[in-house]
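Before any comments, here is the structure.
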């Protein structure tokens, strides 16, 4: 199966995982297995890579790509937020590193019938896991106007959220919005012409917001980080790639809280709560793609990598 996906910040991720040849590593967002194949190459027969993805196509494609190294790889179709249960089922007590590449993959964007992209006309879907019930079509056609406004404003950081939500609700009174290009047309009508001249595609932020809502992307990040860190062996690292400011802010704050968990009032001269740091932050500032990488893969432009190490 052809699963086209260019791995972002590949060398930087591999370097920061500090891979030990006999270690156990998790790629929580398997995708096209670009990161996974490089991790697996560095493992001995005693090492193990666990590749997780909720996308059935990703699992199938990765299985084919990783066949030469299959003895040191286990693939799991699940959401990385279930890392605790996944490791328990595999009877694994601790891991030496975990990588999360958040957001939608290049393959999912390019696979027109998945409905992730505003560039292709397709059924409104946007489900990363096609087994789940709620799709973008349900969100767009059944959520209240206020709920749509909040989603588009909070998850898309879209200044025209109120107008877009209003236009969506008005349109669906006449007929349901069932395709991506229908939704794009509604969004374009909602945003004043002058505001559409500069900047990204007018539908970009709204599509991002709806995708995040459909897949519960932001809700699971904090829980996943806590669970992942708890399962890391001392010295093990967690590497997370984000693609927009909402994700990056959550990761940054989660790492900060885990590295400085003191809950004492600020007026206390010394810590009395005795809460110990769980990690040390490796990247005080996020790692971003080089100009060379951006020339090869413009979609990497907004990527940021943050790394923390279990104490």
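Keep in mind that glycine also has a Cβ here, set from the backbone N, Cα and C atoms.
Annotation source Swiss-Prot lists S-adenosyl-L-methionine binding site at 33, 34, 35, 53, 80, 101, 108. According to DSSP, residue 35 (S-adenosyl-L-methionine binding site) is assigned to a helical segment. Within the same chain, residues at least 6 positions away in sequence whose Cβ sits under 8 Å from that of residue 35 (S-adenosyl-L-methionine binding site) are 7, 10, 13, 14, 27, 99, 101.
Taking Cβ-Cβ distances under 8 Å and a sequence separation of 6 or more, the neighbours of residue 80 (S-adenosyl-L-methionine binding site) in its chain are 26, 28, 29, 52, 100, 220, 224.
Each of the binding-site residues 53, 101 was ranked by the number of other C-beta atoms within 10 Å, and first place falls to 53.
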